[in-house]
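What Swiss-Prot says about this protein:
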type	residues	note
REPEAT	210-243	repeat 'TPR 3'
REPEAT	326-359	repeat 'TPR 5'
COILED	838-929	coiled coil
COMPBIAS	927-936	compositional bias 'Acidic residues'
MOD_RES	Ser930	phosphoserine
MOD_RES	Ser932	phosphoserine
COMPBIAS	940-953	compositional bias 'Basic residues'
MOD_RES	Ser959	phosphoserine
MOD_RES	Ser961	phosphoserine
MOD_RES	Ser964	phosphoserine
COMPBIAS	992-1006	compositional bias 'Acidic residues'
MOD_RES	Ser998	phosphoserine
COMPBIAS	1007-1018	compositional bias 'Basic and acidic residues'
Amino acid sequence: MEGFTLETHASRIIEVPLLGQEDQSVEIDCSSLPSDATELCEILVNEQAPREFWTKFAHEYYIRGLREQAILILKSGLETLKDSESLCILNANIAAIYLSMAREAMLKKDTDLRDEQLRNVRTYLEAANNIDSKSEINVLLHGIYRILLNPTDKESLENAARCFDFVLQKSGGNILGFLGKARILYAKGNYRSALKLYQRALVSNPQFKPDPRIGIGLCFWNLDMKTDALSAWTRVQQLDPKNTVVDTYIGLYYYDLAFQNVNNDSFVQNYGKALQHIQRAFKTRNNDPVASSILERYVYSKKNYEGCIKLAENVIQNSFSSSLIADGYYWMGRAYHQMGNNEKAMASYQKAKAADDRHLLSSVGIGQIQILQNDLTSAKLTFERIAEQNQSCFEALVVLGCLHASDSKPDLTKARMLLDRAFNLVGSSKLPRVVDSDLYITQARLWEKEDTKKSLGFLTRALDFLESAHMSVGPELLNNIAVLQYHLGLIPEAHGNIIKAKSVLPDANPELSLLLDYNLARCEEELGNTSVASEAYVSILEKHPSFIDARIRKCLLQLSNPNEETFKEIRHIMNADSQNLEVRAFFGWYLSKQKRRPVEDPEVRHCSQTLRHWHDDIYSLVQLGNAYMRQAREFRVHNDREKLKRQKLYIKAIQSYDQAIKFDPKNAHAAQGIAIILAQNRQFSKALLILSKVREAIKDATTLINIGNCLAELKQFSRAIEVFETVYSSTGESDTYGVLSCLGRVWLQRGRESKNVDYLKESVRYATLALEKNPENPSLLFNVAFVQFQLCELIRQKPENSRTVEDLNFAMQQLDASIETFTKLVSVEHPPYSPTSIEQRAKMAKNTTKRQLERAIQAQIEYEKSVAAKLEDARIQREKEKARRLAEEEALLKEKQERERQLQEERQKMQEEVLEWRKSQQKASEDDMSLSDDEEKQSGKKKKKDRKKRKSKSKQESSDSGVSEDDEIPLSDARNKTKKRRVNRRVISEEYTFDQDSDAEGNQEEEVSRTIEEKQDNDITDNQDDNKELNLFSEEDEE
């Protein structure tokens, strides 16, 4: 902290006054000061020089680098001067010099010298604090001492911050207080607050050194306002061209700007400017670690690895920042790495890691060397640690994912996760990254069985990469993309990619040609071109009769219009290749579509035979579970024995599904089967949990309908309605009546649960819509009538204050409609319930419910009439009360206006009386003054004699009291006398008014006395202020 407490504008020739000779002095030329200040100290001691001369000469030695001599002068001053103020300032100056020496020792990494200088600082700073602990200089030095003692310790920084806060509170414009506080805030990462303090310091003194603009630029840089940072540093360079520290920062700006626009034409220009400024700073200060750090990168890019190692050593030796030291070791390791010296490279990387444990690139270097040394286990641990500490490191994730994928026992799940994270980082990265197409294909292969859509995305990226790089695209990649698109339902896109694959297919690859022909036929089949697909299958079978998949697809197409030949062909395929599980699965599906015999189900028999030989065939297990569940649901229960038999069928179905899940834990069809059985047994929570997981795997409306039914049974009506509406919006017109019936049922359950009429109206609406979609369905007709009846009952049962006559009339309409529908359903051929029960329901509604509703309507009419009468009475009473209040307010207003008028007349009368009284008083005073003038003329001689007598008498009294005639009268006494004369004057306020006519004279006298007292108090206050100003002035003179 150069110039912290010393005078920075001292004269070059200092005149030391000689003791006892006021007009003579000794001139000392500061440009030719002796290297030994002992003689100068003797002169100052002999002449008893004031404190400022000791500090001036100490400063002159200090700026010439002779700090020990400066300290010698200040210590001699401590032995000579005895006043506390001088001792405090001299101790503070010595502490400031030791602080600067400690800072230099810290930069040179001389820990012992630094500690010694800091001990000296503490010694002299404590001496200064013992004299004046609240001195701004001492507090500032204590704050700087705390920073140098431990720049990274939070407690030390907090203590230093309290020191600077104290100084700023005591002296709000202290520049060093601003800079110290800003330095601490910057170290804490509070760059905005630090910026404000640096700016306040700059406003206070734009010419201050060190320049606050440097700190302003650093704050702007960390706030990502790099253009503003450049402006601040450029201004520093304009004001002080010799300041090469700023060249480093300006070079850093252009270096960063260049690498933000690597593919831009401005890269070369910005990089050249960066090197120009960095080289200028390096030439002036070749030990600058920041400049060396940037230059080592440039030298490395030129493949001058020896030069890079030398610059890295320079950074390590001259830097006190752990991050810069780690950076130096890292570039040294990279140079050795490129030179093939893996041992030295590993040692350098490890030293970089030891210097800064958060240095990411050194950890990557260690992992790379471990891979080169074939220590894959250690490499895996290293890159796992990197991925945990820095989740945005793309390279670490890629390497770690490849290591897991290429392991002897590959962890595909972890490999997928790591590579997926790496690819997600590519899009968000500001730096351009190149990803090889093989890496995309590898990731697609890892995700193929888990997420088809994601796998297709990676294959598409690989295709885009090859096309953008103008590289050839193989038919295998196009075929794989088409297969995934087919599974995702993107049939037109898959068809187009297969055509492209056939166009680039080499002639000498018949196996791939057969595969593409079959895939193209499958696409034609899905597009509805069954004739084209059938012809394609026939063509394939002509060339390759043993291609079983083509034969199966051909039979499936023929089943749309089956004949005896088709059945024979299916059985022939089964007999010819009964060991093929695909054939057996197809034959089992074929049996499930046939009419089942009551004694034995051929589907169950076929699946059981398959599982005897292939117990892990998942398709057969799921198909067997479906067969058992279908049998249980179709089984009619009339007694407990039959109920137990149906329960056994459900248990068999669950066992089949459970076996399928054991072999394939992610089999969604088996899971859905278990969920359906749980729902049949009213275990809706468990069923919902399973169906929620199955939903993403099976893209089928039936899964959503099952979820909605479970939610409705669990009374989660809002969610159930949302699910059914989603299904309704995505279902074809011919199939919507079932979903509409589900919606009507949910709204009915919700309305009955919450007793809400609007919910039942929604139920009626959806039930009616379902009936409109399928008017011939008697179940839907019954649903409408039932909901209408429930709506009528709910409205009727509501209390009188919660319903209206209109609501009851609407309920009557719904009841009539339901009665009509029930009567109609009795004569339907296949009613949903027995005609007797439906007829009984219609009679009850017609005879009982309708009469109750009619009585309710009559009671509601009477209730509403009574309520209306009460409301009318209340309204009349409110209007009367309002009229009464208005009349009272009007009377009060008139009374107030009359009172104000009377007061105004009285006020005007009193003002006229005061004016007349003033005139009479003025006339009386003029008469008195004329009379007194005559009397004074006559008695002038007499008064003069009396004054002489009083003067002689006052002299006698003053001599008795010890006061001489030459003593001055204090200014305060003189003013007090003036005040006494002013007191005798009578002043009447112009604002004075009489309260009562009868007490006018007495009030006048009280007002005059009060005015005089206030005036006297004001004069005394003014007198005190004057005395205060005089005392301050006298103190400045003394100083």
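Backbone N, Cα and C atoms are what each Cβ position is placed from, and that goes for glycine too.
Applying DSSP to the repeat 'TPR 5' (326-359) sorts its residues as follows: 27 helix, 0 strand, 7 coil. Residues 175, 178-179, 182-183, 186, 189, 191-192, 194-195, 198-199, 201-202, 249-250, 253, 256-257 of the same chain sit 6 or more residues outside the repeat 'TPR 3' (210-243) yet have a Cβ under 8 Å from a Cβ within it. Sorting the repeat 'TPR 3' (210-243) by DSSP state (H, G, I as helix; E, B as strand; all else coil) yields 25 helix, 0 strand, 9 coil. Counting every protein chain shown, the number of other Cβ atoms lying within 10 Å of the Cβ of Ser930 (phosphoserine) is 9.
Per-residue confidence over the repeat 'TPR 5' (326-359) averages out at a pLDDT of 93.
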